[in-house]
Every structure is written in structure tokens, then in C-alpha cells.
Amino acid sequence: MSHHLSDTPQSTLRSAPFNQSCSLQESPAQQVVYPVLLLGQLLLGIGAVPIQPFGISYIDDYASRKNSPLYLGLLLAATSIGPAFGFITGSFMLGFYVDFDKLSEDQIKLNPRDLRWVGAWWLGFLVASCLIALTALPYFFFPRHMPKEVSRDERRVLNSERGKDNEHESVITSESFPRIALRMLRSPIYLLVVVAQVNQAALLAGLATFMSKFIEKQFSRTVSFSNIMIGESSRVLGTILGGVLMRRLNLSVSGASKLCTGAILICIFSSMPLLFIGCSTQKVTQSPGSRVSPKRCNGCGCPAEAFNPVCGSDGVEFRSPCHAGCSVIQTDTDHKPSNYTMCRCVGGLGIASPGTCGSGCSHLLPAFMVLLGLTSFIASVSQTPSYMMILRSVSAEDKSFAVGVQYMMFRVLAFMPGPVLYGSVIDTTCILWGRKCGKQMSCLYYDLDGFRHR
């Protein structure tokens, strides 16, 4: 809906001088799109609530004590398969232009390698919503209670205890909420594990949001390719391994804490080399701190807000053909720009090609992805043991409440502020901001060393 309410972008590639008209007020489409997106995210969050908080407690209640970690690991691994599938399918969908349903192929003058390219981000919501509706149907056929994985004698005891628990749970009201919360606060294991998980979740939220941008800028790759590379297969395997280790070794709370600590320490050391894999910022004119000084060879008549990057034959990047002083444009058979010639600001042959020059670090991407996958694999080994520590450190009737509070802390202290904090730090590495109608827009060029180290 948000896509169909938004305006269709207009091409600014014109032979005549470009005059941009600015409006002080947002268009009616923009005023409607943001609330619709927020409403959709709100409904998505409401629908996701029962899956993990109640699903985790449900599994632990009806699985045997030995098999519970394995089943929990499979559940958590399945929640990682979703993002991995989303990154892969998203990379395919981002290969289509955002308005491919409104524009013909002849009207689309850009290609996926162009920095101005906007992929069909909205297509993923349509596919995912249909799949969610289909996978939700089997839940209606599950029984209210599942048989416990124990012997008959043990089952009789557990059934009688469950009846007592249900009677106890029926008494729990809003008046007893403070008492239950106080029990949670008195459990040091529960508090420490939740704090550790919140920190880890904030890290994952920031990486999931900006890793594709990092790969795109650092290694000069397209957004769609970056999403493919992020696919979280290593995280899925690590989560399953954590559950298998818990089951095979029959670890207690103390053993689970040692496994988590060891995995995180190894993860920290394995991630250190990632700080040194990358290149410095490419040479760009008209940017603060650039070694290439702005020249008057272009007549100084270029629009300050123009952004159509070209790469000169001398290896220097310009914000637009106008900034490069180009006067002749060559097109291919599809009438798309192939080269710019007679560029007075470009040394050597005076030729510029459409697109960015790149950072020259694409050959380092395989090593980066191997280390990133290894780090993700090791870190995810701690996921299942940390959940088992929570389930084993609280009483049976408090498990659903404890996991629910845990996920509330995830949302409030990790998933909401995490990407914002990461984005704020990344913004400090921007060396050239885009502007439109006098307003600051998205960042055009980053200090790649700062982006990598901060």
C-alpha cells in the first residue's frame, strides 16, 4: 500500500539546465505513507508476540528435560532461517526497480550498480505476508495440551502437578503482577542473562540493519549482492550446535554459563581481524577532506544538489558529469549513458564512465565474509544455552512471564535503540551529505576507515 501511495520519481537527466522546484509542505502521499508503514510494523510486532515467548515456554513444558534444549535450538534456528531467507529473496527483489510496475523498461534509465538505484523493497512484504498466512493455518489444529515426553508414572505425577499449576495460574491477576516481577528481580541469574542477551541483541540489530550498507560501501558491491552475502546460514548452524551440546553434555545452569562465556570470548577474538579488512576512501572531488581540490574547469555552474556520480579515466570520482566538466554524452543501443567525453576536469583522456569508481577492495570480500560467518557461528552457539539458563532459573509457573519480560526488554532496550545508535555513529563518518531543497538528505560518501573502525 505504501508503494502505491507514494509518488513516482522523475528523471533529472536532461539536456537543458535542471531547475528544481521546492515545496515547503510534504505531498499528500508522503503524509499518508509514514503512518501506514508504522501501522504495518505495529501489527507485525503484535503478531510476532506469541511465537517465541509462549512457544519457548510451551516447548520446555512438554518436552523432556533432556530433549528440551535440542527442540529449543531448532526453534531458535528456525527464527534465524527467516532472516536468511529474507536477505536472499530480498536481494533478488532489489534487482527490480522500485517502480517497475509503473514504468516501462525504456523509462528506467538506471541500473542496479547506480548509487541512485532504489530496489523494489515493497515486493518482499507481499511475498512474506502470503507465506505467513499459509504457515499460520496449522496452529489452529494443535491441541491445548501436548503429551509430555516421560513415562506413564511420571506423566501421572506431572498431570496432577499441572492441575495444581493451572489452579495457581488462575489465581494470578494484575494484583499479583508486582509479586511475580519481584521474584524475577530477586533472581541474579535471570537478571544477568537478560542483560547479556539485551547487549547481544542490540549488536545483532545494528549489524542486521547496516551490514548490507557496510558491504556496499566498503567493497563497492550492489545492495542486492550485499543482501545475498549476509545470509545467516552460519548463525542457524551455530544455534543448532548449541542445542546439541546442551543435550549431549546434559549441561546444568553452571555448565551452560561456561559454554556461553567461552563462545563469546572466542567470538571477540575472531572478530578482531574484521577491523583491518578494507580500503581507504576513494578520491572524490567536492568533498570535505578530499585530496582532490575543486576546480573551476566546469564553469562553477553545476547544481549544488546534483548527484549522478561518474568515474574519470584518471581514477578520480565526480558527483556528476557537470562537475567533471563533460560536454558530450555517448549512449548505448538502449539510449542509456555509456560514456562522457570532453571532460575538462578529468586528467588524461578526459573521459568519464557512469557510476562510482569504487574502493578497490572487492578482492577482500571473500576473506571478510569467511571471518564474519565464523564469528556469527561462534556467537550463536551461546543462544540456546542462554535461554535454557532463564528457563531453569525461574519456577515453572513463571516461565512464560520471564520469557515475556525478556522479549519486552529486547524490544525496548535492544531492537529500538540499537539501530538508532548504530546509525548515529555511522553518520559521524559521512564526508558528503546529499541535499534537496536546502534540507540534508542521505549520506553520499563515507570515510571508509572511520566506517570500519567505529
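Every residue, even glycine, has its Cβ placed from backbone N, Cα and C.
Because the structure is a prediction, the values reported are computed rather than measured.
Quick look at what TrEMBL lists:
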| type | residues | note |
| --- | --- | --- |
| DOMAIN | 291-359 | domain 'Kazal-like' |
| TRANSMEM | 33-59 | transmembrane segment |
| TRANSMEM | 71-98 | transmembrane segment |
| TRANSMEM | 118-142 | transmembrane segment |
| TRANSMEM | 189-208 | transmembrane segment |
| TRANSMEM | 259-278 | transmembrane segment |
| TRANSMEM | 364-382 | transmembrane segment |
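Only residues 6 or more beyond the boundaries of the transmembrane segment (259-278), in the same chain, are considered here, and those with a CB under 8 A from a CB of the stretch are 196, 218-219, 242, 245-246, 251, 359, 361, 364, 367-368, 371-372, 374-375, 378-379, 381-382, 385-386, 389, 448-449, 452-453.
Under DSSP, the residues of the domain 'Kazal-like' (291-359) split into helix, strand and coil as follows: 0 helix, 17 strand, 52 coil. On the 0 to 100 pLDDT scale, the domain 'Kazal-like' (291-359) averages 79 in the predicted structure. Within its own chain, the transmembrane segment (189-208) is flanked in space by residues 83, 230, 253, 260, 379, 382, 386, 389-390, 393-394, 402, 405-406, 409-410, 413-415, 417-419, 421-422, which lie at least six positions past its ends and keep a Cβ under 8 Å from the stretch.
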